[in-house]
Amino acid sequence: MLQKNKLSLSVQYPDKRLQDIITRPKLRSWVKAALLAPAQITLRFVDAAEGKDLNRNYRGKDYATNVLTFAYTEDEDSETTQADIILCTDVLQLEAAEQEKSVEEHAAHLVVHGVLHAQGYDHESDEEAEEMEALEIEILADLGFRNPYINL
């Protein structure tokens, strides 16, 4: 079980379509479940246009993606995770339908995924991917969600 830590969380819904489904209390519980250290995190739900702009400007990829994580470290000795995590509502809803999951279930996975990225986890190599996916599966199970990698 991961250690629960102090959290300062800001949630922004410029794309308001999911704010009644993916509520602030749910988001707080999902973020806290994935935290290994104290954190200051902003979650922002955007439409496809903003998601595409951010992905193009920061990753050089000209399409909207499901989640983008921007991790910030003010100093290397800081124990506080600081990040902006951007979730694209359009992509989230499309992927949930394609994967036959509820929007809530898929959003929980993407939030956990983004929080792990903010803490330095990645999936560039097979070993990194295995470690990150194992953590995601454990965290989501603790939250009452099924393994997100089954039937993909």
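Glycine is no exception: its Cβ is also placed from the backbone N, Cα and C atoms.
Taken straight from Swiss-Prot:
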type	residues	note
BINDING	H113, H117, H123	Zn(2+) binding site
Additional residues around Zn(2+), ordered along the sequence, whose Cβ is within 8 Å of the centroid of H113, H117, H123: V67, T69, G114, L116, Y121, D122, M132, E136
Number of Cβ atoms other than its own within 10 Å, given for H117 (Zn(2+) binding site): 20
Site of maximum Cβ density within 10 Å, from binding-site residues H113, H123: H113
